[in-house]
Amino acid sequence: MRELLNGSFNGKVTVPGDKSITHRAVMFGTLSKGTTHVYQPLLSEDTLDTVNCMVKLGADIDITDEKITINSPGAESLTSPKELLYTGNSGTTTRLLMGLITGLNLNATIDGDDTIKKRPMDRVSIPLEMMNAKLKLNNERFTPVEIFESKLEGIEYDMPIASAQVKSAIIFASLHNKITTVIREQEKSRNHTELMLKAFGGNIEVDDTTITVNGGNTLTPVDVTVPGDISSAAFLMVLAAIIPDSKVTLKNILLNETRNGIIDVFTQIGADMTIENIDDSLEKRGNITITYKPNLKPFTISGDIIPKLIDEIPILAVLALFLDGESIVRDAEELRVKETDRIMAVTNELSKYGAEFEIYEDGFKVLPSKLKIQDIEFKSYHDHRIAMMLIVMGIKMNHDIKIDNVECINISYPNFIDDLKSLKGR
Ligand code: S3P
């Protein structure tokens, strides 16, 4: 950490591929007969767990630094895995797999690490059971989840929460069966599954917040080039915005309108931000440059914008501490059931630097605070985004911060420290 302290960050970085898109590309590649290439994928613990699960279903997958190649016999030839489908720390793998296995009419058991075991999975089993799926959950809510083959029926489902994982599980379950499923969202969650399914030849119609899947699909392989993950880029965007004299360009970043809430926040605070080279193929992408500027304004976020930046809220709390006034986050109760309770983790850990908050069940207000350095150990709660948030905060405080379990950044951004080092001293 020491070499990251003192002074500005300058230069260009290609952050790793988007996590949500990499998971889905590997899954859709497995459901399509033939060869799918996934270029510039995220290779991290979470996405490798998805790869391992797809191999257990019968796909042949080869990985190099710059691509994942999936050779699959196609959905109809995939078989019930003999071993446990282990999903590690990945909520996306766990929840999407529940739908995918159900849709293939296979038998399987899914389980992950200690964090996954505590996250609610009934949000997926409830709609799947409405489709006539047969599942057994630990205490009716948690992993391990056992899935038994069944004959599915179409449903009309009004989403009680904004969750792309739940929505995607229902879409996956509907795909290979001759049924029609309608999903209605109150707030639009990330739409990568819908976009990718269309590209792979699936029969899906999207009318604003209503999604109709006409099942009985045969998918065909498509090569996917994964844009950089805006949720990873967010840490470097905030760093450049709060460290004087910094100027950082993040190349080829996902700008999908269901994911770009942080761009709205940077506009709201009056940041010096430019976005160039926009390419609109499958998923919109472009280069984002952030240049340090003093006296940025505070932000207020609530309602529809929350699903568009849900994973960025921990690092936005750090940003808020260096703005001129009080920033507010509301309607973000989903943070309580992420890799850890992120409202608790953000406020507990940042308060060790003297940060003051008003805490709500669904968010927090960041109060003007007298920040100070204390030599106590910080906790990541084995949550990659909390660990990276703390690294950025430590840099801003010029503090050689000690974080327990910091290697959990490998879940989504194994090169984080190397990318930070590459921006130093130019
Ligand atoms: C994800 C959806 C979001 C997000 C998660 C990834 C996805 O969760 O927080 O990191 O890839 O579908 P929800 O589905 O719970 O909103």
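Don't overthink the numbers, they just go from 1 along the chain as shown.
Every residue, even glycine, has its Cβ placed from backbone N, Cα and C.
TrEMBL names LYS19, SER20, ARG24, SER163, GLN165, ASP311 for binding 3-phosphoshikimate. Of LYS56, LYS134, LYS136, LYS338, the residue it gives for the same site is LYS338.
According to DSSP, ARG385 (phosphoenolpyruvate binding site) is assigned to a helical segment. The subset of binding-site residues (SER20, SER163, GLN165, ASP311, LYS338) lying with their Cα within 10 Å of the Cα of ARG119 (phosphoenolpyruvate binding site) consists of LYS338, given in sequence order.
On a Cα basis, GLY91 (phosphoenolpyruvate binding site) lies 12 Å away from LYS19 (3-phosphoshikimate binding site). GLY91 (phosphoenolpyruvate binding site) and SER20 (3-phosphoshikimate binding site) are 11 Å apart (CA-CA, integer value). Ligand 1 lies within reach of SER163, GLN165 from the binding-site residues ARG24, SER163, GLN165, ARG342, ARG385, judged by a C-beta closer than 6 angstroms to any of its atoms. LYS19 (3-phosphoshikimate binding site) counts 25 other C-beta atoms within 10 Å of its own C-beta, drawing on all protein chains shown. The Cβ neighbour count for ARG119 (phosphoenolpyruvate binding site), using a 10 Å radius over every protein chain in view, is 19.
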